[in-house]
Amino acid sequence: MPALPMNQEFDRERFRVDLRATAAAIGAPVTPRVTDTVLETFRDNFAQGATLWKTTSQPGDQLSYRFFSRLKMDTVGRAVDAGLLDGTHPTVPIVEDWSDLYGGTPVQSADFDAGRGMAKTWLYFGGLRPAEDILSVPALPAPVQARLKDFLGLGLAHVRFAAVDWRHRSANVYFRGQGPLDTAQFARVHALSGGTPPAADVVAEVLAYVPEDYCVAITLDLHTGAIDRVCFYALKVPKDARPRVPARIATFLEVAPSHDPEECNVIGWSFGRSGDYVKAERSYTGNMTEILSGWNCFFHGEEGRDHDLRALQDTGSITGGAR
């Protein structure tokens, strides 16, 4: 990656100031001591990766931040050494198994809450991967592995990312589904969550914003295999074209600073038994757009058609390599 202009580089002092101001604007807690530990432990990842802000529309929810890593690193081991994560956490073996796939090539990134520290470990698998590979690693409990048939039955056969939530002991599995997404397929995927079907205008808005071949994240309880939530994403939505969002998200998108050459705003519509909410992410430093482009993510206004996915789906393959 070429050197960034100084105003686009990650600066720890500026980040602390921006973190406090953004958290105050949305009513989120900050724990400076934990923030300092995070920034020191992962100083190279923040310096060389892309950093972004995250939050949800839920009142009082955390202001979170993530680095998308350009470095191949055991972020879990580093977090354990720094006291940010318990090395005996039962989810650690799952991350280890996923990280060992495909010759050990998956790249780990990490999410942190401003008030609590380590939140998630996030893995990019290097492209389209068979869901069977991801959901059959030995560390995954049998009830989670048993969910594979439910996803394949909906045509969700390929995964690009996964994340573990350390506090909730859950995992998000990010599928790329062949679209275009319509109301019938939306309803089938939504039904996995057991939530109340959303209003027709909400569904219409989701369908209008997701790319043709869409990204849906499915949240699984890592003990029971229960599906807690489903979330549909729209990436790099311009400010002047953003969908209706709750007031807390609108405030977040207005006040969270971005020093990237191109702003990258992400909207996620999350549905589940416990209620629905909106997620938002916003680029900060390190050129988030560049990283997501390199990972073949689709942005608002693009065709959003994955020709490799379509070739795999058309042949009925669930064992294709990375694309």
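Cβ from N, Cα, C; glycine included.
Positions annotated as substrate binding site by Swiss-Prot: ARG160, GLU281.
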_Structural state of ARG160 (substrate binding site), classified by DSSP into three states_ = strand
*So for GLU281 (substrate binding site), how many other CB atoms are inside 10 Å of its CB?*
23
*List the same-chain residues at least 6 positions away in sequence whose Cβ sits under 8 Å from the Cβ of ARG160 (substrate binding site), in sequence order, or say none.*
TYR124, PHE125, GLY127, LEU128, ARG129, TYR174, PHE175, ARG176, CYS215, TRP295
